[in-house]
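Quick look at what Swiss-Prot lists:
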- 28-48: transmembrane segment (TRANSMEM)
- 74-94: transmembrane segment (TRANSMEM)
- 99-119: transmembrane segment (TRANSMEM)
- 133-153: transmembrane segment (TRANSMEM)
- 168-188: transmembrane segment (TRANSMEM)
- 203-223: transmembrane segment (TRANSMEM)
- 236-256: transmembrane segment (TRANSMEM)
- 263-283: transmembrane segment (TRANSMEM)
- 288-308: transmembrane segment (TRANSMEM)
- 338-358: transmembrane segment (TRANSMEM)
Amino acid sequence: MLYNLLLPHIHNSHIANLFHYITFRSGLAIIITLSISFVTGPILIKFLRSLQKYGQPIRSDGPESHKTKAGTPTMGGIMIILSSCLSTLLLADLTNKYIWITLFGFISFGIIGFMDDYAKVKRNNHYGVRGKSKFLLQGIISLIIYVLLEYLDKNFSHLLNVPFFKNLSLDLNYFYMVFAIFVIVGSSNAVNLTDGLDGLATVPIAFTAGSFALISYLVGNLIYANYLQLTYIPNTGELTVLCAGLVGSCLGFLWFNAQPAEVFMGDTGSLSLGGVLGIISVITKHEIVLAIIGGLFVIETTSVILQVYYFKATKGKRIFKMAPLHHHFEKHGWAESKVVIRFWIISVIFSLIGLSSLKLR
């Protein structure tokens, strides 16, 4: 909004001219989201405590240390969605189609997560909305997003770019629709599975969002895209502002989510954040790079898939003491803080590997 209001005055005002730069607005987005989080956090937590008698239900088969988390409110993802959306509406170019499509997906996945959190709190168990119903809703939202991209972007490509290789792209043609939906839904649920310890998912999400802030900026800039031999996609640079807002909102949320957590993001936060990262990767044509940068999410999801299939195939045997993987290490005696920090380190490594693909070809 501010960008659109100040745009006519960029040649007459130094301040207005600053808003012409994506980098300035992105930095401002981080400051604004942090400020909103710090101000609204205590108010929201108090409000959620008053509404949730028992807080987020704690799994009875989980690590013993988790019993101390009983009574901690959930749905803290509302704080992340609120601050991110407000900063984007304030600072991004509101004539940009990618901004509106991404915000639509972000909020829609947040609503699905809210429904799941509400069901858990109301029933006082950790089951929530049925898995099939959740997948169906996520699939429908992802399909709508894909149709919007196809309809609003006449040059929307079905090519799948392969990182670390020059000019290597696979034309998925009509299958790209299925692939795009898989990326968005998969990303949403992968982040959701990772969000099992205080602060565990928050920092890797911030790393991933920060990485895609850079990717969006480079892909949307003709000079940089040509230099790095990336697929140039006009107008994607504005997503940098949104990604920067996600970084700030995650850091702001971490202030309250660090161990011992005062609030959990819940599915409201994890499904929406995972979904929005998937959407941005599809728009910027960096779907495989998302799997690299978000490698921690992939590992956590894979551990669950392996555990479930092995359990069924062997009629009761397990590969891990508990899945997702972070619980396995807890069961091995690792302190929660050690698991979280070591997983953060792994996330940094994956982010660096993913970003290196922009240059190493």
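For all residues, glycine too, the Cβ spot is worked out from N, Cα and C.
Proximity of distant same-chain residues to the transmembrane segment (99-119), defined by a Cβ-Cβ separation under 8 Å and at least 6 residues beyond the stretch ends, is recorded for 56, 74-75, 77-78, 81, 84-85, 88, 92-93, 127-129, 134, 137-138, 141-142, 144-145, 148-149, 152, 184, 188, 192, 238-239, 242, 266-272, 274-276, 279-280, 283. Panel annotation: around the transmembrane segment (28-48), residues 73-76, 78-80, 82-84, 86-88, 90-91, 241-242, 244-249, 251-253, 255-256, 262-263 of the same chain, lying at least six beyond its termini, place a Cβ under 8 Å from a Cβ of the stretch. The stretches the transmembrane segment (288-308) and the transmembrane segment (203-223) are in mutual contact, each linked to the other by at least three Cβ pairs under 8 Å (pairs 6 or more apart in sequence). Only residues 6 or more beyond the boundaries of the transmembrane segment (133-153), in the same chain, are considered here, and those with a CB under 8 A from a CB of the stretch are 97, 101, 104-105, 108-109, 112, 116, 177, 180-181, 184-185, 188-189, 271, 275, 278-279, 282-283. Per-stretch counts of Cβ pairs under 8 Å to the transmembrane segment (74-94) identify 236-256 as the leading one among 168-188, 203-223, 236-256. Using a Cβ-Cβ cut-off under 8 Å and counting only residues 6 or more beyond its ends in the same chain, the transmembrane segment (236-256) has close neighbours at 22-23, 25-27, 29-38, 41, 45, 76, 79-80, 83-84, 87-88, 91-93, 96, 98-99, 102-103, 199, 202-203, 205-206, 209-210, 212-214, 216-217, 219-221, 262-263, 265, 269, 273, 276, 280, 283-284.
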